[in-house]
């Protein structure tokens with residue numbers, strides 16, 4: 001028997017085993033619960049769909065933890081190492097390299113990796129079991145950057161503490177749950193002007209890409225400049241205090257390694273290879289794990305040695321120590337808190353609504369009325385997952401557009417989401433590896449996410465100034481002011497200002513119409529009096 005014949009026989013045997021397994025699962029209680037036969041799918045197809053979705057969204061584990069860890073979490077000035085010639089740490093020790101504070105942030109990142117995995121696992125499992133939809137959930141891109149860089153600020157330099165920001169996320173989740181329960185979600189979503197609503201996604205994409213290009217948070221291509229504010233960087237050496245370039249520009253080894261990974265990801269996406277972002281991140285990370293190189297994440301320093309010793313464990317179950325249940329309502333008398341609450345609620349409502357309907361349309365779940373089975377419970381699960389996420393210490397949890405990868409693989413039931421949750425569960429045991437992913441491995445994926453979020457601009461009417469200007473203000477203000485909230489407020493403000501012309505014109509027309517009606521009635525009355533006089 002030749003090799004080809006043996007391979008064909010093996011393939012036929014595998015198909016028979018697959019068919020028997022699918023038939024057994026479909027007729028079991030699990031198959032009936034998820035309605036596998038009713039939705040014309042099978043167990044192995046749902047397994048492939050869940051695998052595809054996980055591969056496309058697994059990047060969020062390290063990306064989300066890295067972004068939120070940039071806020072410093074619960075780390076304070078008290079965690080800083082005091083220099084030998086001082087009696088106390090200086091207030092700016094959190095913004096400069098400091099062994100004590102950096103160790104605290106490193107532990108916080110480990111907590112956030114676990115928190116991200118748990119929130120994604122719980123949300124995806126609930127979506128599968130309760131709503132029976134093939135959708136994966138995890139902390140959303142955009143809200144996490146908003147929490148880290150706008151609210152708390154880099155290493156706590158913002159106006160709101162990490163604990164207060166989590167309280168905002170909690171209340172936002174409760175408000176979203178109430179809105180979903182009462183069924184007024186669509187009405188709330190329509191309150192925001194359409195051009196601003198569409199521009200939000202693109203603006204957040206630009207903001208995320210800007211973060212991915214910066215020093216510390218990303219690939220390091222962009223750095224500060226005293227004259228132009230920002231300039232090209234990627235320097236061989238950077239001043240730790242001012243972050244300015246003291247070495248040759250475009251000579252950073254980590255930047256060029258990141259560019260190779262970026263191109264790998266782009267080529268993979270061009271070829272529609274599932275998990276392309278994971279492959280790009282993995283390549284950069286594996287190369288950066290090599291000690292003794294100029295691009296290693298484990299330099300021969302006390303912090304590098306500590307991180308390397310933890311990394312060598314490979315498998316370890318990390319318990320959350322600093323981010324669980326640290327919610328605080330002590331500073332809710334500040335205006336920034338309420339602006340943040342409204343911003344997060346709008347972003348959550350708009351993003352979830354758009355994502356769910358897009359996934360339902362791709363999967364062919366929509367009926368003639370534009371609704372789909374499990375829609376109501378899907379919103380309940382999404383909102384409830386945000387509440388769980390706030391307790392764990394992460395930003396709002398949302399349904400991921402990457403779920404489309406699984407739907408295209410044939411995923412039609414909640415069993416796909418359960419498979420996604422199972423993969424997240426397995427990830428819990430590899431915290432040492434996941435926390436050792438360098439920022440320059442995350443930066444390219446942030447830029448790619450920004451690219452993907454820009455596609456909404458095609459739906460804007462750029463010929464109409466009334467739509468184009470508010471949209472442009474929204475998109476440009478977010479990255480340039482380093483604030484998602486400023487972009488939304490600016491866009492709405494400009495839209496209202498430009499709408500005043502139409503309102504005034506409408507008011508003038510209404511006044512003229514009323515005046516003509518009054519004149520007409522007066523003439524009718526006058527004619528009636530004259531007729532009565534003639535009769536008399």
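Going from the start of the chain as shown, residues are counted 1 onward.
Using the three backbone atoms N, Cα and C, a Cβ is placed for every residue, glycine included.
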Original post:
Of the ranges 316-336, 337-357, 442-462, which one does TrEMBL list as transmembrane segment?
Top reply: 337-357
Original post:
So which range, 235-252, 253-270, 271-288, gets flagged transmembrane segment in TrEMBL?
Top reply: 253-270
Original post:
Apart from its near flanks, which chain residues at least 6 from the ends of the transmembrane segment (492-511) lie with a Cβ under 8 angstroms of it?
Top reply: 192-193, 195-196, 465-466, 469-470, 473
**OP:** Run the contact check on the transmembrane segment (377-401) against the transmembrane segment (253-270): 3 or more C-beta pairs under 8 Å, excluding pairs closer than 6 in sequence.
**Re:** no
Original post:
For the transmembrane segment (413-434) and the transmembrane segment (253-270), does the number of C-beta pairs under 8 Å, pairs 6 or more apart in sequence, reach 3 or more?
Top reply: no
Subject >> In contact by Cβ distance (the transmembrane segment (253-270), the transmembrane segment (160-184); 3 or more pairs under 8 Å) >> reply: no
